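Per TrEMBL, transmembrane segment is recorded for B:12-35, B:55-71, B:76-93, B:99-117, B:129-147, B:167-187, B:219-240, B:273-292, B:298-318.
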C-alpha cells in the first residue's frame with residue numbers, strides 16, 4: 001500500500017528498506033519498508049510493541065538493523081554504536097521524545113544550543129546565542145523571549161522549545177513522539193503551528209500519535225504498524241477511523257477471556273463531577289463491590305490524573321469522592337489508605353518497590369502493625385503474612401526475604417499488588433499493572449485481578465493496552481480530553497469499538 | 001553462589017555478618033595487632049580503657065547519624081550540638097539547677113534543635129545538609145558568644161563523677177555506648193519506625209505510597225540525632241568538669257566517616273549499626289595508634305584521610321562485586 005507516496009512528487013528524505021531487527025525472544029521489525037519525502041508530515045500509529053519505537057530508532061541510528069538498509073538524504077547509514085547516531089544527526093535526523101530533556105534552570109537560548117554554545121575565544125557569546133535563538137523561534141512562529149528561564153514556561157511552551165531545539169543546524173527529518181500527550185487541548189494548536197512551519201521549510205516530520213482528530217489536521221498520510229510489520233500506509237483524507245483500527249488490530253481472535261456476565265454489587269466508591277484542571281473536567285462514575293472497572297484512554301487523556309485524584313495524591317478543584325457514602329474528598333492519602341484504598345503506581349521502579357528490601361518487608365510496608373507484637377516486629381508473623389501473600393498471588397521468589405530489586409518485573413508488580421491485599425484494602429487502583437512485564441506474567445496478573453474481584457474487592461484497572469481491558473474488566477469507561485465519553489459493559493466488549501472510542 | 005543462596009544484607013537477623021563487615025573486622029585485627037606489635041603501651045589495660053572512652057565519644061552520636069544516612073539524609077551539626085548542649089548544661093549546673101532536671105533539659109534542647117532541622121527538611125524541603133550546616137554555624141557561634149570562649153565551671157557533682165568514671169572497671173560512657181548500640185540495633189531491625197527508615201531511604205516515593213508517613217520519619221531521625229548529640233555533650237561535660245564552647249571540634253566528620261566506613265550508603269537505603277560500630281573502632285584505633293607512635297599530629301590527619309577513603313573505596317568495590325552477583329545477569 002504505497003499509494004500515498006507514489007502521488008508525492010517530493011524527493012525522498014529518508015528510506016528504510018527490508019529492515020529486520022531481532023531482540024532476544026522478539027522479532028521487533030520484520031522486513032519493513034518505509035519512505036518519507038520532503039515537507040511531508042506522516043503519522044505513525046500502532047499498538048504498544050508494534051515496532052514503532054524500533055523503526056524510529058533505526059532512523060535516528062540508535063539501533064542497527066540485522067538486515068536491511070537505512071538511507072537518509074540518499075546516504076546509507078554505515079556506522080555502529082554511538083557513531084551511527086552521530087552520523088544520522090549529521091545527516092539531519094532529529095527526534096523529540098515524550099520525556100522532556102530541557103535544563104529548567106537555564107534560559108531558552110542556552111537550552112537551544114546545549115553543549116554547542118556559540119563562543120569566541122572560549123568565552124560564551126550570549127548576544128549571538130540570543131540572536132540565533134530568536135531567529136529560530138520566529139521561524140517556528142513563536143514569540144517567546146529567548147532569555148526566559150525554562151522553569152517559567154508552561155508544559156506546552158517547553159514542548160515547543162524542544163521542537164525549536166531540533167531546528168538548530170540543518171534538520172531534514174524530525175520525529176515527534178506523542179508530542180501532545182502532556183498538553184491540554186488548547187495548547188495543541190500552538191504545536192500544530194510549529195509543525196506546519198517545519199513542513200513548510202521542507203522538513204519531513206514523523207508524527208507519532210493516536211489521536212485521530214489531530215492526525216487529520218496535521219498529517220497527509222498515516223503509516224500503521226502491527227507485529228513488527230507495516231500493516232499499511234493510507235492517505236488520511238481518504239481513510240476512515242475504522243480502517244485504521246482494522247490495520248492496527250488485525251484480525252487476531254480474542255482468547256482467554258476471564259470475564260463472565262457483569263454482577264451487580266453495592267456501590268462502594270462514587271465519584272461525582274471531579275475536576276482537576278487542566279486535565280480533568282467533571283468526571284463521574286460508580287464502582288461496585290467485586291467489580292473490575294477499566295479506564296481506557298490515550299496517553300495524556302487524564303487516566304493517571306484521575307487515579308491520583310481518587311487516591312488523594314492530587315488536590316481536586318471541584319467534585320466529590322464518596323467511599324461507602326462517606327465524603328472523603330478532602331481526606332489525605334494516608335486516611336484513604338486506612339479506610340481501604342490501595343494504589344499501585346504506573347512506574348514500578350520509581351514509585352513502587354524498595355529494591356534493596358526483601359519481598360517480605362516490601363509486602364508488610366503498608367501496615368507494619370499487623371505483624372508486630374507490642375510494637376516489635378515479629379519475624380515469624382512477618383514470614384507468615386508474606387508467605388501467605390506469596391502463595392495467594394503466586395510470586396516467584398527464591399526466599400521470602402530476597403531483595404525485590406532482583407525479581408523479574410512481573411513478580412515485582414505482584415509484590416506491589418500483594419502489599420494491598422495484605423493490608424486488606426477493599427478498593428485497588430491499579431495504574432498500568434502490566435507495563436513492562438512479559439506475556440506469561442500478564443495473564444497471571446489478569447487472573448489475580450479476577451480472583452481479587454471474586455473475593456469482593458473492587459478494582460480500577462488503568463491500561464494503555466486497549467486489547468487487555470476486555471480480558472479483565474467487567475466495565476470499561478473511555479476517557480478522552482478529560483472526560484468519560486463512552487461506557488462498555490461485559491460480556492462482549494469489542495477491542496476495536498473500544499479503540500474507536502479512544503481515538 | 002546462585003541467587004537462591006545469595007548472602008545479601010539480611011535486615012532481620014540482628015548480627016548476621018555481611019561480607020563488608022567481615023572485611024572491616026579483618027582491617028580492625030590488622031590495625032590492632034599491627035599497632036600492638038610495634039607500639040609501646042598500645043596493649044596496656046589503660047590504653048584499652050582510653051580506646052573505649054574515645055570510641056564512646058564518637059559512637060553515641062554515630063548511632064543516630066547512621067539512621068539519618070540510611071534515610072538518605074545527612075547531619076553535619078553534631079560537633080557544635082555537643083558543644084552547645086555541654087555549655088547549656090554547665091550554665092544550668094552553675095546556677096544550682098538539680099543535676100537530673102539539668103541533664104533532661106540539655107537532652108530536650110538537643111532534641112528540639114534536631115526537630116527544628118528535621119522539620120525544615122521534611123516540611124519545607126530544605127536539604128538536610130543545609131539545615132544542619134546552619135545549625136553547625138549557629139550553635140558553635142552561640143556557644144562562644146555566651147561563654148566568651150571561657151570554660152564554664154560548676155560545683156562538683158556526684159552523679160556527673162560517676163558518668164566520668166568507670167563502672168565495673170569500664171568507662172561509664174562506654175557502657176552507655178553499648179546499651180545504646182543494643183537499643184539502636186533493635187529499633188532499626190525490629191520496629192516499624194526502624195524499617196520505615198530503610199524504606200524511606202530505599203525509595204521515598206514507594207514508602208509514601210505504602211502509607212508510611214515519610215515527613216514524620218524525617219523529623220524523628222533528626223530529633224533522635226539531636227538527643228544523642230546532647231547525651232554525648234552531657235558525658236563530655238562530666239569528663240571535662242566544665243562546659244567548653246570549643247569542644248568536639250570536627251566530631252561530625254569523625255561520626256560521618258565512621259558511619260560510611262561501616263558500609264552505610266550515603267545514597268540511603270542500606271546500612272547497619274554493627275557496621276557503624278566497626279567503623280567507630282577503625283577511626284578510634286587509627287587515632288589512638290598514631291598518637292602513641294608519636295607521629296607528627298599534622299601528618300596523622302593525612303594518614304587518617306587516606307585510610308578513610310581507602311576503607312570506603314574497598315567497601316564500594318566489595319558492594320559492586322556483590323550487586324553484580326545479585327542483580328547482574
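The backbone N, Cα and C atoms fix where each Cβ goes, and this holds for glycine too.
Count of Cβ pairs under 8 Å against the transmembrane segment (B:99-117): among B:55-71, B:167-187, B:219-240, B:298-318, the largest is for B:219-240. When the stretches B:55-71, B:167-187, B:219-240, B:273-292 are ranked by Cβ pairs under 8 Å to the transmembrane segment (B:298-318), first place goes to B:273-292. Stretch with the largest number of CB pairs closer than 8 A to the transmembrane segment (B:219-240), among B:55-71, B:129-147, B:167-187, B:273-292: B:55-71. Looking at B:55-71, B:129-147, B:167-187, the range that has the most CB pairs within less than 8 A of the transmembrane segment (B:273-292) turns out to be B:55-71.
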